[in-house]
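Q: Got a structure for you, written out below as structure tokens; questions coming shortly.
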Amino acid sequence: METLQSETKTRVLPSWLTAQVATKNVAPMKAPKRMRMAAVPVAAARLPATRTVYCMNEAEIVDVALGILIESRKQEKACEQPALAGADNPEHSPPCSVSPHTSSGSSSEEEDSGKQALAPGLSPSQRPGGSSSACSRSPEEEEEEDVLKYVREIFFS
């Protein structure tokens with residue numbers, strides 16, 4: 001009988017007391033907080049990558065692209081120079097090679113490098129005075145010019 005009385009006592013509770021219990025059961029506050037807290041770190045983790053992308057303007061992108069291209073060209077030249085210095089055969093060491101990165105529109109540079117390939121035994125200081133302007137400049141200047149040409153083609157055409 002006592003169990004019946006306890007059941008009846010729960011049914012006899014005042015409405016304000018049952019409403020409070022019903023509120024706790026119907027809308028638990030812990031579940032939404034957990035979801036919100038889980039969503040905040042995910043959003044915070046995404047922010048740095050997004051900010052990095054949006055902070056770069058066109059000038060910065062061009063600077064980074066130039067830096068990468070120049071660095072890769074320097075590495076290529078560094079790998080080629082020891083091989084060229086060790087080679088005694090003139091056919092293995094062309095004095096002024098045309099880089100694979102030059103555009104097809106520079107036919108005069110290709111013709112000039114062909115003229116210098118005719119005299120492979122001469123060092124750069126022994127070449128005739130009428131050598132091309134592409135080889136009279138330093139290799140770094142030529143690399144920068146090629147890189148700038150590509151950047152202009154990509155971003156400004």
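The backbone N, Cα and C atoms fix where each Cβ goes, and this holds for glycine too.
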Q: Would you mind telling me which of 26-36, 48-58, 147-157 Swiss-Prot tags as motif 'XLM'?
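A: Within the set 26-36, 48-58, 147-157, Swiss-Prot attaches motif 'XLM' to 147-157.
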Q: Can you tell me how the residues of the motif 'XLM' (147-157) break down into helix, strand and coil by DSSP?
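A: Reading the DSSP string over the motif 'XLM' (147-157) gives 10 helix, 0 strand, 1 coil.
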